[in-house]
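J.: What follows is a single structure, and I will ask about it in a moment.
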Amino acid sequence: MRSLKLILASASVVSATCPYMSGEMPNSQNGPLDRRHDTLSDPTDQFLSKFYIDDEQSVLTTDVGGPIEDQHSLKAGNRGPTLLEDFIFRQKIQHFDHERVPERAVHARGAGAHGVFTSYNNWSNITAASFLNAAGKQTPVFVRFSTVAGSRGSVDSARDIHGFATRLYTDEGNFDIVGNNVPVFFIQDAIQFPDLIHAVKPQPDSEIPQAATAHDTAWDFFSQQPSSLHALFWAMSGHGIPRSMRHVDGWGVHTFRLVTDEGNSTLVKFRWKTLQGRAGLVWEEAQALGGKNPDFHRQDLWDAIESGRYPEWELGFQLVNEADQSKFDFDLLDPTKIIPEELVPFTPIGKMVLNRNPKNYFAETEQIMFQPGHVVRGIDFTDDPLLQGRLYSYLDTQLNRHGGPNFEQLPINRPRIPFHNNNRDGAGQMFIPLNTAAYTPNSMSNGFPQQANRTHNRGFFTAPGRMVNGPLVRELSPSFNDVWSQPRLFYNSLTVFEKQFLVNAMRFENSHVRSETVRKNVIIQLNRVDNDLARRVALAIGVEPPSPDPTFYHNKTTVPIGTFGTNLLRLDGLKIALLTRDDGSFTIAEQLRAAFNSANNKVDIVLVGSSLDPQRGVNMTYSGADGSIFDAVIVVGGLLTSASTQYPRGRPLRIITDAYAYGKPVGAVGDGSNEALRDVLMAAGGDASNGLDQPGVYISNDVSEAYVRSVLDGLTAYRFLNRFPLDR
């Protein structure tokens with residue numbers, strides 16, 4: 001018998017004053033480029049490293065530790081049948097057959113990251129939540145961004161509401177803010193959630209379309225359930241197709257309660273405000289990205305964190321006294337309504353920085369389970385009927401995904417503090433409880449684990465002032481009835497170009513609706529929001545334009561609410577393409593790269609050429625480049641126009657032409673610049689009759705600091721909307 005030297009592989013263990021009081025914003029302190037050694041990540045690494053398996057210098061083994069000496073199955077002779085006794089084969093194949101777990105019913109497509117939340121101040125005057133009880137106090141977090149309707153394999157750039165779920169691993173337990181990138185939802189009562197999802201998911205007969213609402217059942221539901229209009233307007237705007245997950249806000253959607261140690265309660269809405277600035281894609285660009293890079297959003301987030309350009313968000317609270325909740329012309333318990341910011345400004349509470357990518361997608365991003373019922377002392381619920389249903393649904397669905405009740409024991413789901421209770425057994429139990437008296441009250445274990453209360457061991461408590469009374473009814477409050485005024489508020493608050501984008505989105509979606517009845521019903525609902533909007537959509541989808549239905553018309557606006565028309569706050573991780581020729585243009589390109597890096601080293605400079613050439617710095621080929629994946633495009637030394645087998649015909653011109661058509665900054669440096677950009681304008685349908693001096697177009701004969709600064713200013717402006725036509 002051959003002997004093996006047995007090596008057992010074991011798991012390695014790796015081991016302030018509120019700035020607003022002085023009128024200063026906190027500075028962003030980016031750590032070193034290697035995020036794995038960032039000190040802010042230490043609490044996360046220290047906890048999760050207990051579960052790491054390091055295969056370095058190890059021997060391949062079975063799941064039970066037996067060394068494996070060969071990768072062939074056991075056979076009776078070298079051409080004979082495989083034997084059933086081959087336990088190595090059986091174990092490997094069986095594990096593979098069961099690797100996949102059911103995907104989330106919604107929010108299946110997602111990406112996540114670890115980080116840290118820092119409180120700006122001691123907020124114990126408004127909440128007993130311990131993670132907010134000291135200025136500078138830090139709490140580990142994990143955030144998962146997602147789309148809603150698509151399956152796990154769908155594209156990132158699909159038009160959709162986007163999930164923004166945050167877990168804070170506080171020193172008194174886990175607190176989840178399970179929100180979206182828009183502040184409202186489609187329905188007011190959780191009992192309709194299955195109806196909504198059945199309607200927006202692919203048609204049940206054909207399983208078409210994937211990750212899209214451009215079909216009959218979705219718009220049938222929207223037109224029959226007008227509470228969906230407000231969220232629908234947000235989804236049809238730039239919020240439905242964001243530039244990246246770094247450029248979205250996160251909203252808690254519901255009204256919650258904050259409760260102090262003394263029992264005083266305040267109503268609150270949560271918002272994570274992006275400190276990168278909000279930014280959206282345009283629809284043709286989003287469609288192109290779906291084919292060119294289906295992982296565009298998750299790659300953007302991953303790359304930003306890997307390069308040390310940590311995205312940041314500021315947590316804000318809208319605070320309303322309990323006694324004032326009836327002073328608004330809408331109900332604070334209605335999840336289809338916002339509190340306009342001019343009525344209740346946000347109080348800045350703290351800052352979140354995402355600074356560490358997952359080490360294993362499945363173990364962390366896929367297995368994390370968020371639950372609105374994960375609250376801590378100082379946070380309480382309201383009677384929002386959608387929230388009350390989510391408290392059940394988000395917990396129940398985990399039984400299907402994880403096959404038992406012990407999903408909270410998974411490393412990514414565990415609190416960072418000890419936990420003790422009488423829950424026992426179940427599939428996948430990971431602990432060995434020592435207490436034989438698994439019940440309360442008991443004397444056999446001296447009453448342990450003992451109950452906490454409001455004054456002893458800081459037990460969770462409900463706001464003392466909460467009371468419930470009234471007859472049992474199946475109805476919504478009449479204060480929920482007006483579902484048209486706030487969609488109009490949203491529409492009124494968009495810029496003229498953003499309104500055009502929304503109109504175009506509704507035209508596109510409804511052009512795919514086959515039922516004339518559904519299309520007519522859609523126009524009826526849109527007309528209750530805005531007659532001009534309804535007429536513009538109707539004319540494009542074969543429906544007679546309606547007369548005004550002014551019951552809910554008004555001229556109110558709120559703060560800038562869209563994703564275009566405001567400057568970006570940071571340029572971190574944006575990409576500028578330098579289109580090179582196979583000649584002396586590389587010298588100019590390298591000068592440009594150096595100048596951009598000197599002016600702002602947070603922007604990525606990508607040299608595009610016919611073939612990869614590390615010595616010249618060419619890190620992308622024309623065959624792999626596209627105008628959708630860059631934020632600005634500059635031609636260096638004239639356009640490459642010759643035919644080549646290395647890229648599709650006309651690709652260099654197409655890259656910059658598409659970038660121009662998407663409203664992005666474009667430019668040219670060196671010989672042939674004017675000719676190149678004139679070709680671009682002609683190909684894109686632009687107007688070059690008045691010269692090339694127009695917003696977002698940058699021309700120079702040589703590299704200069706002024707030229708580089710002008711392009712960076714164009715990136716800050718983000719998109720040049722004058723290139724997009726408006727309805728006359």
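Every residue, even glycine, has its Cβ placed from backbone N, Cα and C.
According to Swiss-Prot, the record shows the following:
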| type | residues | note |
| --- | --- | --- |
| ACT_SITE | HIS107 | active site |
| ACT_SITE | ASN180 | active site |
| BINDING | TYR394 | heme binding site |
J.: Including all protein chains displayed, how many Cβ atoms other than that of ASN180 (active site) lie within 10 Å of its Cβ?
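T.: Summing over all protein chains shown, ASN180 (active site) has 26 other Cβ atoms within 10 Å.
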J.: Tell me the coarse DSSP state (helix, strand, coil) of HIS107 (active site).
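T.: Coil, per DSSP.
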J.: Output the one of HIS107, TYR394 that, of all these recorded positions, has the highest number of other Cβ atoms within 10 Å of its Cβ.
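T.: When each Cβ's neighbours within 10 Å are tallied, HIS107 tops the list.
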J.: For the C-alpha pair, I'd like the distance in angstrom between ASN180 (active site) and TYR394 (heme binding site), rounded off.
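T.: It is 15 Å, counting Cα to Cα.
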J.: Between HIS107 (active site) and the residue listed as 'heme binding site', how far is it from one CA atom to the other, in Å?
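T.: Given the Cα positions, HIS107 (active site) is 12 Å from the residue listed as 'heme binding site'.
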